[in-house]
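Structure first, then comments.
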Amino acid sequence: MATTTLPQTGSLRPATKRAGFPWKTLLFYAFIIPFMLIWLVPIFTSINTSLRSLESIVADGYWTLPTSIEWGNFGEAWTTGGLSRYMLNSFIVTIPALLGCLLLSSMAAFALARFNFRGNLLIYFTFVGGTLLPFQILMLPVFKLANNLNLYDTYWALILFHMAFQLGFCTFVLRNFMRTIPGEIFDAARIDGANELRIFGQHVLPLSLPSLAALATLEFTWIFNDYFWALILVQQDKLKPVTTGLGSLMGEYQRAWNVLFAGTLIAVVPTILLFVFLQRYFIQGLTMGSGK
Amino acid sequence: MAQISGSGPPPAVGVGSVAGAPTVAPQRRATALLRAGQRRADWTPYLFLALPLALYAMWVIGPMFYSFWMSLTDTDGLTYSEFVGLANYRRLVNDDIFWVSFWNNVKWLVIFITVPTVGGLGLALLLNQDLPGTRLFKAAIFSPMVLSSAVVAAVWSWVFFPQDGLINSTLDLLGYGGERIGWLADPDLAIYSIIGAATWRQIGYVMLIYLAGLKNVDPSLVDAAKTDGASSWRSFRDVVFPLLQPVTVIVVVISVIDALRAFDLVQLMTRGGPYNRSNVLGFMMYEEAFENYNMGYGAALAVVLMLISMVFIFTYLRRMLKDELEY
């Protein structure tokens, strides 16, 4: 699929290679470096705040470095603030939802990419259309459904909903990827006597691994970062994932910015790590949906 | 991909950049072969589809239609429900909060299809070169995308905080202090402050989509224009930008959807206040449903939101369908 092998050349690179002092390059750095720093100021200062004591914040204001580094803020956020519980909950919800979604969407994508049958395009467009919905339209019925199934205020409500809702996007991406797999591969397998299930498991899934990796990175971030559904489907504090958990923290630690930001920093560790180490996959996933 | 709407769940709906898409021409043959495969076992695709489709129908498609029904009732969600026809919609037209929220969504939408598009395209053009450090700059500008809306809300609440927040203390330092501006407390400012925070997260995303699109722009076309004496601006306007047009469509669709989905930041930063002046439809329906238990009315609000976005969703799907049928 396209995304993995795009040429790296910047197409807009100035064609002229004038000799002499590289004014353009200098200008580029003179703009982009300050821009980037200003862009990230809210993040840098949040980190700074998480290391300060409340007295220092009140007395010295915003633009001051910590006089002594207050690691205790992190301890307080982790224990009293409840971050340890919230983080665990986030993983308990995200991992099964992610795995289930990837498995089910690759099945659906396989069917849509490999077979021509009545309703193929309709089903495909249903998946795509569902992805684009303003999800508020699902809010009340999903809340009601979770209640009727006795799943309201359980992990299962979140797991099942994320698994289902993310199917749309994943099926969309995988179907478009699988259509690029040459038909000869299937023919050869079929001549060897493989049935469709084996073709799926032994040929299509392994070939789709790069797409699956990219999707997994992206979907992990999305499910892990979900705030809306956690708010709608889970109420009790001990089941909250880290997003709504931070929401409660914002209420409890109003104006105790240091503890709040210590908690915030803890909360972003998993997605930041993912982004730093799997950035390539993450970006691939985002640009992959394109498939056409 | 847009899930990314400044909000939690999959923000950016994943509509990747068309530009990233390889053309699928060689698959014509593959498709023919697939067709051959299909004759042997008609039921196989349905077996593969059964479970995913059932789950999707149950949690996404079914609920979507059920919302339409709910909007015609006066249900409180769980205990009772009576058909009231279009009463909820009549009420909505005369509800001031509805109109304030509606116009806030429009403001959000207008800002979202202009600022991140222009800013993201500009940054993409700037960073689409092989100079040392560009990878780092891209990552830095893109990084807010991986933060959850709860994190963005926390960070920006501190930026906007009247006493000693980032903006007001910086104004102080620069000598413009004095009056403490309540960025989130001022009825006229609050919605723009929230949209500002949302835009901060959106720009990196748009930049990324454009960067992927730019990779598909043939550099020789640009070179040719330059050889012909075109200025950088003209070669951008006459060559690059038209080639990026499909990407721009996607960017706009994503931004519109994200703007209509707006919820998280409003809920976390102002709860629609002061006096509902920063309310948006997505949050108003939540309040009606879960704080006033007017679920029927809430559903009507959701339907309005849905109908507005349908215009854009269909435009987008129609383009996609055309592509599908072409090959």
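Heads up, the Cβ atoms here are built off N, Cα and C, so glycines get one too.
If you look up TrEMBL, you'll see B:102-318 marked as domain 'ABC transmembrane type-1'. Under the heading transmembrane segment, TrEMBL lists B:46-69, B:108-127, B:139-161, B:189-211, B:239-260, B:295-317.
Listed as Cβ neighbours of the transmembrane segment (B:189-211) (distance under 8 Å, sequence separation of 6 or more from its ends, same chain) are residues 1-2, 4-6, 12, 16-17, 104, 107-108, 111-112, 115-117, 119-121, 123-125, 127-128, 138, 141-145, 147, 152-153, 156, 159-160, 181-183, 244, 247, 250-251, 254-255, 258, 262, 265-266, 269-270, 273-274, 277-278, 280. Contact between the transmembrane segment (B:239-260) and the transmembrane segment (B:46-69) is absent: fewer than three CB pairs lie under 8 Å, with pairs separated by 6 or more positions in sequence.
Spatially, the transmembrane segment (B:46-69) is not adjacent to the transmembrane segment (B:139-161); fewer than three Cβ-Cβ distances between them are under 8 Å for residues at least 6 apart in sequence. Long-range contacts of the transmembrane segment (B:139-161) within its own chain (CB-CB distance under 8 A, at least 6 residues past either end) are made by residues 4, 6-8, 123, 127, 167-168, 183-184, 193, 196-198, 200-201, 203-205, 207-208, 264-265, 268-269.
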